[in-house]
Amino acid sequence: MTERVQVGGLQVAKVLFDFVNNEAIPGTGVSADSFWTGAEAVINDLAPKNKALLAKRDDLQAKINGWHQARAGQAHDAAAYKAFLEEIGYLLPEAEDFQAGTQNVDDEIARMAGPQLVVPVMNARFALNASNARWGSLYDALYGTDVISEEGGAEKGKGYNKVRGDKVIAFARAFLDEAAPLESGSHVDATSYSVKNGALVVALKNGSETGLKNAGQFLAFQGDAAKPQAVLLKHNGLHFEIQIDPSSPIGQTDAAGVKDVLMEAALTTIMDCEDSVAAVDADDKVVIYRNWLGLMKGNLAEEVSKGGTTFTRTMNPDRVYTGADGSELTLHGRSLLFVRNVGHLMTNDAILDKHGNEVPEGIQDGLFTSLIAIHNLNGNTSRKNSRTGSVYIVKPKMHGPEEAAFTNELFGRVEDVLGLPRNTLKVGIMDEERRTTVNLKACIKAAKDRVVFINTGFLDRTGDEIHTSMEAGAVVRKGAMKSEKWIGAYENNNVDVGLATGLQGKAQIGKGMWAMPDLMAAMLEQKIGHPLAGANTAWVPSPTAATLHALHYHKVDVFARQAELAKRTPASVDDILTIPLAPNTNWTAEEIKNEVDNNAQGILGYVVRWIDQGVGCSKVPDINDVGLMEDRATLRISSQLLANWLRHGVISQEQVVESLKRMAVVVDRQNASDPSYRPMAPDFDDNVAFQAALELVVEGTKQPNGYTEPVLHRRRREFKAKNGL
């Protein structure tokens, strides 16, 4: 039983109450009494509104299901369907024109373009690594990944391979020639870098000296001007450093003593309380809030063991240079942090209201993550986050403008409880639900003075696409979904609406995740598509990926690209509403088996770690042993696709069960080296994780909007209770 403290009409889990009063509040200037009194009023007033919004979701879904059921066997009538969506209030009239009014936004969001990390804040080591991923070694990112081929004797091996190292150096020099070209000659032929009279001087191997073609790209240096340790350059708004140390192992092999190129990489990071974590009770939530507190106070630390040595990882300090004019120049040493709260769906028993009901988790997150952020606003920190006095909160999984307006209201109420100026709390709107996509302009308008981010999350969005049209017929295979008409229109619409509502210079327009952290050569080739599509940020799965994705923002001037895109014909809502139905379902038995096995394996690989180990985001080997980043969004697609095929008779429940059992053996094998792993086979009936995976598919049509959280949370609590955790 959870030990509770009565606070007014609230029953608060003691572990949360003690954390808030003893750790979160001291140093904020907020009194415990006023906080809890204010929190209770917010909960009493807004929890019923939250509940009503969820009821509306269910009502609209029931009406859409009924419409499709009444037309079973008939060809889809797109015009009648659109008229029906308008009639039931799903598709609203377009909002009148407006411009976002957000103020006090940091440059990393408003005026720069670069990669964005998303990490589970429940994991302190991941959180620290991401915070410190503002700057990343290009040499390490190239040497350690498949960007540099192993052909011609360039294998990674255990020790340093000079053949491979030389390929890395050549790649980096080519980057320097592209991003910071010399007035004459090439960085390839540089023999030294020095600073004279406030300018960068580059000596070449032919004995001549030259400078930068654009002298203004040189900003600053570290060390002695005649023999600097680092030279700071800027291109397309992003910084990078040529690091020089002729005595270092790499510098010794370089004619100019260059040991590395340090890239400004993850400009921003989302510290995630949502899809990448497994938090089901007060104990779990306190782990999340405590790590967020450490980030906001600048004192988060973690013991890390590497290569037999143990050290303490902390948040990096700012970077200090001597500017070209001789004055001191300081650059932010860390990624600018957002915090992603949970959406409106789930409740959590960390707090019970005056009626004994669990309180919506999104309201709890809003109160506690904002309270904690005050430490960073008022200077009670050694590591400043926002320099403009803002708190950046990503709000996921909102359905339509009423829900965005509810978030705006919640944030206003939280500001009042905490004594913060209006619109201190900024909002990032995830465009990952169909009703938000088709009403995106109105959603932004509902939070127009807070909005700092819109982002397409195509994974969740695909899950909602399938569930919304569950009764319309069988959908295409998962791999074919990306080439369906709706998805291109959805991606373009996000950029079109963002630019039309004045987000440029005030907010990020973002794109989704590269989900294959080991396939960096493919990412380098393909992910340039995101800045070319007008996104001034896009998600990456690791600090290394952030360093490499930064190269794309040197190749593409995103803000110039946005100016071009603003002139195109906006995406069509009719295209967005095109349901991804399979034109026919005469797949071969082998094709069906492969699709079912692939999805079943992904579901099990993710769910078993979620339920048994409380891991909400992990690199899960797929059926071909390719590591894929999985979180609840990928689980939502896989489970909904199988539920859809089951609903329309493409597959039987027996096929699902048989595939899950076979794939459980595969997943067990893939996890055999993990000493804490509990095999699912052969005791399937008594294995909580296996039963959770099965339930997600066979009961998939009944899950609210296809979300996986209700099943996962219930089953994780069952596992914890069963094992005394």
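All positions are counted from 1 along the displayed chain.
Each Cβ is built from the backbone N, Cα and C atoms, and glycine gets one as well.
Quick look at what Swiss-Prot annotates:
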BINDING   VAL118, ARG125, PHE126, SER276, ARG313, PRO541  acetyl-CoA binding site
BINDING   ARG340, GLU432, GLY457, PHE458, LEU459, ASP460  glyoxylate binding site
ACT_SITE  ARG340  active site, proton acceptor
BINDING   GLU432, ASP460  Mg(2+) binding site
MOD_RES   CYS617  cysteine sulfenic acid (-SOH)
ACT_SITE  ASP631  active site, proton donor
Check: min Cα-Cα distance from ASP460 (glyoxylate binding site) over recorded positions PHE126, CYS617, ASP631 goes to ASP631
Taking only the Cα atoms, work out how far GLY457 (glyoxylate binding site) lies from PRO541 (acetyl-CoA binding site), in Å, as a whole number.
14
Go through ARG125, ARG313, ARG340, the listed binding-site residues, and name the one with the sparsest Cβ surroundings, counting other Cβ atoms within 10 Å.
ARG125
Integer Å distance between the CA atoms belonging to VAL118 (acetyl-CoA binding site) and ARG340 (glyoxylate binding site)
9
Residue pair ASP631 (active site, proton donor), PHE458 (glyoxylate binding site) - Cα distance, angstrom, rounded
13
By the DSSP assignment reduced to helix, strand and coil, which category contains VAL118 (acetyl-CoA binding site)?
strand
Structural state of LEU459 (glyoxylate binding site), classified by DSSP into three states
helix
For GLU432 (glyoxylate binding site), the three-state class that DSSP assigns:
coil
Whole-number Å distance separating the Cα atoms of PRO541 (acetyl-CoA binding site) and the residue listed as 'cysteine sulfenic acid (-SOH)' is 10
Have a look at the binding-site residues VAL118, ARG313, GLU432, LEU459 and say which one has the shortest Cα distance to CYS617 (cysteine sulfenic acid (-SOH)).
VAL118
